Amino acid sequence: MTFRNCVAVDLGASSGRVMLARYERECRSLTLREIHRFNNGLHSQNGYVTWDVDSLESAIRLGLNKVCEEGIRIDSIGIDTWGVDFVLLDQQGQRVGLPVAYRDSRTNGLMAQAQQQLGKRDIYQRSGIQFLPFNTLYQLRALTEQQPELIPHIAHALLMPDYFSYRLTGKMNWEYTNATTTQLVNINSDDWDESLLAWSGANKAWFGRPTHPGNVIGHWICPQGNEIPVVAVASHDTASAVIASPLNGSRAAYLSSGTWSLMGFESQTPFTNDTALAANITNEGGAEGRYRVLKNIMGLWLLQRVLQERQINDLPALISATQALPACRFIINPNDDRFINPETMCSEIQAACRETAQPIPESDAELARCIFDSLALLYADVLHELAQLRGEDFSQLHIVGGGCQNTLLNQLCADACGIRVIAGPVEASTLGNIGIQLMTLDELNNVDDFRQVVSTTANLTTFTPNPDSEIAHYVARIHSTRQTKELCA
């Protein structure tokens with residue numbers, strides 16, 4: 001038997017993990033083992049919302065050392081993280097300023113300013129990226145306007161996965177899939193857009209040309225002295241998750257479900273027409289020159305905050321209580337900016353219901369019901385938008401990531417969307433990370449080859465839509481009302 005041992009470092013906005021993958025070439029089987037799992041979260045520092053990158057680096061090194069202590073020879077390492085955030089370095093590679101998180105309020109008002117000064121359509125034609133108030137484009141503008149004293153000291157700007165790869169190898173890299181999330185990469189050249197960079201106030205010299213997944217950045221020297229390749233995987237966690245989505249044919253859509261929900265489809269060409277702009281569709285970079293045509297949805301961040309505020313530890317019990325409640329009594333727009341980082345999520349949800357003359361969710365289960373129903377309805381709207389954009393309906397939706405373990409939300413999604421839902425794999429970002437490593441090691445041919453491995457080894461569960469469910473009837477009433485309004489217009 002020929003084995004490959006690859007390590008994936010997968011950092012999300014709420015947790016991180018170091019996972020060991022063992023790939024057996026002859027039987028094309030892939031097994032994962034969790035080596036180290038650790039918390040991640042927002043911190044308050046000097047008036048900013050920040051990430052504790054030192055703690056994250058220590059956790060990464062601890063996980064890697066654990067693998068080496070077992071006597072396992074690692075063939076390669078890959079790192080993926082969330083998008084848009086960055087670390088600034090001086091000429092000596094030391095940090096400049098704080099690693100500010102995207103949920104910080106420093107970018108307030110800057111997206112509207114950019115649209116006014118540059119033109120919304122021009123920004124979109126250049127980048128193909130959706131307008132989110134925390135995109136790197138606006139973060140850099142906030143930095144250069146609000147902290148000009150830092151500018152003379154900055155030599156490099158590294159996105160989060162590139163920063164941690166640099167800390168392991170001493171080599172700098174700017175990986176393409178994550179770079180596209182910045183709204184600073186030109187969709188035609190795959191390089192930094194000079195006009196957008198100029199508006200941000202950043203110096204182009206801070207960045208190197210983005211590289212596509214699959215190159216070796218450098219080497220990490222393990223405690224035993226071995227030099228282990230660190231591979232530039234699809235370092236945006238959603239890009240990795242999509243690689244591991246067992247998409248079957250052109251009519252398959254995906255939903256990467258976690259702190260954020262990202263719904264979309266793969267395409268060989270981007271969509272930057274007026275319809276895509278009006279729907280705020282993004283065209284993020286994927287592996288093998290594919291585009292991830294998708295839309296960001298606030299996701300389980302709302303639930304995570306409610307769990308924290310209400311000190312709820314038994315999630316299965318909460319879901320069971322939630323399932324017993326009637327559907328669609330409390331509906332909010334999860335994508336409203338008010339939910340990005342409110343002082344109290346529970347109060348913000350209640351206020352949104354109060355302002356729209358709805359009943360007020362008071363209990364833990366009612367708040368969860370509000371979140372799940374609202375997410376499922378938004379999923380249905382977004383899936384409809386995506387189908388209209390490409391001119392073809394979808395036949396199935398693959399839900400991947402940690403959120404796919406929520407069977408209630410999976411069924412609500414199937415019912416609201418009226419589509420077959422296939423849930424799994426759970427550790428999609430980790431698997432996609434491993435997939436690029438195996439391709440770099442010449443163990444697999446391409447993404448489609450890797451997806452065949454995932455399909456045969458991952459635990460997948462199918463949810464069939466129930467047209468008689470409460471949420472399905474609610475969606476039907478909404479569509480009927482919309483059609484009536486359109487006919488009367």
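Counting starts with 1 at the first residue shown.
Glycine residues also receive a Cβ, built from the backbone N, Cα and C atoms like all the rest.
Taken straight from Swiss-Prot:
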BINDING   Ala13, Ser14, Ser15, Gly16, Arg17, Thr259, Gln304, Gly402  ATP binding site
DISULFID  Cys68-Cys222  disulfide bond
BINDING   Gly83, His236, Asp237, Thr238, Asn296  substrate binding site
ACT_SITE  Asp237  active site, proton acceptor
DISULFID  Cys353-Cys370  disulfide bond
DISULFID  Cys413-Cys417  disulfide bond
For Cys68 (disulfide bond), the one of Arg17, His236, Thr259 that lies nearest, given that the binding-site residues are compared by Cα: Arg17
Spatial neighbours of Thr259 (ATP binding site) that are distant in sequence (at least 6 apart) but have CB under 8 A: Gly12, Ala13, Ser14, Trp82, Gly299, Leu300, Trp301, Gln304
Which of Ala13, Cys370, the listed recorded positions, has fewest other Cβ atoms within 10 Å: Ala13
Alpha-carbon spacing, Arg17 (ATP binding site) to Gly83 (substrate binding site), which is rounded to whole Å: 17
Other residues, Cβ within 8 Å of Gly83, His236, Asp237, Thr238, Asn296 Cβ centroid (substrate site): Trp82, Asn178, Thr181, Ala239, Ser256, Trp260, Leu262, Glu284
Pairwise CA distance, Cys417 (disulfide bond) versus Asn296 (substrate binding site), rounded so that it is a whole Å: 17
Candidate recorded positions Ser15, Asp237, Thr238, Gly402, Cys413, pick with smallest Cα gap to Cys370 (disulfide bond): Cys413
Disulfide-bonded residues (Cys353, Cys413), the one with most neighbouring Cβ atoms at 10 Å: Cys413
For ATP: widest Cα to Cα gap among Ala13, Ser14, Ser15, Gly16, Arg17, Thr259, Gln304, Gly402 in Å: 18
Candidates Gly16, Gly83, Gly402: member of the binding-site residues with the richest Cβ shell (10 Å): Gly83
Local backbone state of Thr238 (substrate binding site), from DSSP in three classes: helix
Among Arg17, His236, the one of these binding-site residues whose Cβ has the fewest neighbouring Cβ atoms within 10 Å: Arg17
Nearest-integer angstrom distance between the alpha carbons (Cα) of Cys413 (disulfide bond) and Gly402 (ATP binding site): 15
Rounded distance in angstrom between the Cα atoms of Ser15 (ATP binding site) and Thr238 (substrate binding site): 15
